[in-house]
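Enquirer: Starting off with a structure, shown below.
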Amino acid sequence: MGLSDNLKGVILAVASSAFIGSSFILKKKGLKRGGASGIRAGVGGYTYLLEPLWWAGMITMIMGEIANFVAYIYAPAVLVTPLGALSIIVSACLAHFLLNERIQKMGIVGCVSCIVGSVVIVIHAPQEHTPSSVQDIWTLATQPAFLVYVVATLSAVLALVFHFEPHYGQTNILVYLGICSLMGSLTVVSIKAIGIAIKLTLDGMSQIAYPQTWFFLTVAVICVITQLIYLNKALDTFNATLVSPVYYVMFTTFTIIASVIMFKDWSGQNAGSIASEICGLITVLSGTIILHVTREQEPPPPPEP
């Protein structure tokens, strides 16, 4: 008996979390080494590009993102995205041993909460409803409700980049991670659209000729590059065990909102299942917050001369 699409998505999402959680630590160590020998990434430096550890982290993250990409083809975002909480546990454990960023007893409670919440979400997740063509996905992307979300998201990103980053970027973690998370929600829906187009093409219904396929690909590339730039700034400026959970909370929230609006993930589910998923999500988010507030704070890096 073959695996269901949702189970395939779960397995891929768990593997993705392991890779991505490890990548945070490898990139952090690479950024530290790069900052010690040149200008830090947090103030515009790029010496980390010469560090093998940073590239190891990038390769690991790419592997995780590929697994995540395929997971979104098989399962809805409301199932795949919350499982990213497991990357927080991986990141926290590795940071404890490799970066001396100690995890407290309450942090363990936070990790357990993430696992429990993820299990609840997996049990009550809706089945994936795959559109029949990229044109159907385009219809979903151009519905008024989702267009309002896109406009609001891009407006918030522009405000963060041009107004808040110059004044608060080095002191408030929400600035960099707000940009990453908002753009990340657009990345996920675009990547899901591309993944579905690839799956349909492999099934014999080519989607390559449709301009919508290439539009989604262009949006995904732009969003991913933006995410990487600001995630590097956040990792270089703040404690890795702060960046990982806060990024997860914000990214998960915005991604689920975007997916529910665009793909109507909750359509056809009863109120009890939706309530259970929301409770599971709240449990996961609470776990990340507990892990966040119980972490040792890393002193801010010295200002550049």
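Each Cβ is built from the backbone N, Cα and C atoms, and glycine gets one as well.
The following feature annotations were taken from TrEMBL:
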type	residues	note
TRANSMEM	6-26	transmembrane segment
TRANSMEM	46-67	transmembrane segment
TRANSMEM	73-99	transmembrane segment
TRANSMEM	106-125	transmembrane segment
TRANSMEM	145-162	transmembrane segment
TRANSMEM	174-198	transmembrane segment
TRANSMEM	210-230	transmembrane segment
TRANSMEM	242-262	transmembrane segment
Enquirer: Per the 3+ Cβ pairs under 8 Å rule, pairs at least 6 apart in sequence, do the transmembrane segment (145-162) and the transmembrane segment (46-67) touch?
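Expert: In this chain the transmembrane segment (145-162) does not contact the transmembrane segment (46-67) - fewer than 3 Cβ pairs sit under 8 Å.
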Enquirer: Are there residues at least 6 beyond the ends of the transmembrane segment (210-230) whose Cβ is under 8 Å from a Cβ of it, and what are they?
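Expert: Those are 133-135, 137-138, 141, 157, 176-177, 179-180, 183-184, 186-187, 190-191, 193-194, 197, in sequence order.
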Enquirer: Among the recorded stretches 73-99, 174-198, 242-262, which has the greatest number of Cβ pairs closer than 8 Å to the transmembrane segment (106-125)?
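Expert: Answer, by Cβ pair count: 73-99.
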Enquirer: For the transmembrane segment (242-262), which partner among 6-26, 46-67, 73-99, 174-198 gives the most CB pairs under 8 Å?
Expert: 174-198
Enquirer: Restricting to CB pairs under 8 Å, which listed stretch, 46-67, 73-99, 174-198, is in contact most with the transmembrane segment (6-26)?
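Expert: Between the stretches 46-67, 73-99, 174-198, 73-99 has the largest tally.
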Enquirer: Do any residues of this chain, six or more beyond the ends of the transmembrane segment (46-67), have a C-beta under 8 angstroms from a C-beta of it, and if so which?
Expert: 12-13, 15-20, 22-31, 33-35, 37-39, 87, 232, 236
